[in-house]
Amino acid sequence: MIYLNNVILNDKTLPMCFNLNVKAGERVAIIGESGAGKSTLLNLIAGFEFPAQGEIWLNDKNHTRSAPYERPVSMLFQENNLFPHLTVQQNLALGIKPSLKLTALEQEKIEQAACSVGLGDYLERLPNSLSGGQKQRVALARCLLRDKPILLLDEPFSALDQKLRVEMLALIAKLCDEKDLTLLLVTHQPSELIGSIDQVLVVENGQISQLQKGV
């Protein structure tokens with residue numbers, strides 16, 4: 001679950017205040033104009049920014065002041081942040097062990113994660129040999145390896161064409177079902193999510209102004 005109670009961020013250009021209640025396992029889309037506060041909302045939940053006041057509860061624990069690594073959250077950005085000199089396997093390994101010195105069990109987990117996103121045969125490839133959609137699949141698999149119950153997506157597929165976006169969104173829905181993930185997804189294409197989202201939040205001027213159920 002995700003619960004934000006009067007979470008205030010004193011941004012110089014746009015003061016923000018968020019109240020939010022998302023049940024465990026729900027899938028939520030976040031829409032709004034550029035600069036409205038969508039990414040800031042995710043950053044507050046992930047721990048990349050800290051509020052001036054208010055509380056952030058994640059899975060029944062107060063994480064208002066927790067460091068990002070202490071939170072039950074993984075976050076995927078538009079930039080896939082893959083290291084070009086490392087193979088797919090090594091990039092995935094960074095999700096669980098930065099030293100890249102893996103046990104047999106950890107290696108098996110990496111192979112399973114790669115297979116879950118359709119890249120089981122790409123482990124020895126370098127990122128520059130992958131398509132944009134394949135790179136995002138690697139980044140998604142790395143998030144899943146962290147084994148966190150809350151997944152935050154900040155427009156990760158906006159640079160892809162519509163066909164690839166639809167494929168990636170279908171993959172996300174499948175993985176959420178399999179792993180019982182709670183999902184928050186910032187998007188500019190809410191129509192592509194019809195049938196796979198529990199609610200849509202509209203962020204305007206640093207606040208959640210609307211909530212639509214059952215999209």
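Placed from the backbone N, Cα and C atoms, the Cβ positions cover glycine too.
Copied from Swiss-Prot, the annotated features are:
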- G32, E33, S34, G35, A36, G37, K38, S39: ATP binding site (BINDING)
- 2-215: domain 'ABC transporter' (DOMAIN)
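Features recorded in Swiss-Prot, as mapped to the structure shown.
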residue: G32; record: ATP binding site; Cβ contacts under 8 Å, 6 or more apart: K38, V202, V203, E204
residue: E33; record: ATP binding site; Cβ contacts under 8 Å, 6 or more apart: E204
residue: S34; record: ATP binding site; Cβ contacts under 8 Å, 6 or more apart: none
residue: G35; record: ATP binding site; Cβ contacts under 8 Å, 6 or more apart: L14
residue: A36; record: ATP binding site; Cβ contacts under 8 Å, 6 or more apart: V203, E204, N205, G206
residue: G37; record: ATP binding site; Cβ contacts under 8 Å, 6 or more apart: L14, M16, F18, V203, N205, G206, Q207
residue: S39; record: ATP binding site; Cβ contacts under 8 Å, 6 or more apart: D154, V186
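Close to the recorded ATP site, the chain also has T40, V203: residues not among G32, E33, S34, G35, A36, G37, K38, S39 whose Cβ is within 8 Å of the site's Cβ mean position. The secondary structure of A36 (ATP binding site), as reduced to three states from DSSP, is coil rather than helix or strand.
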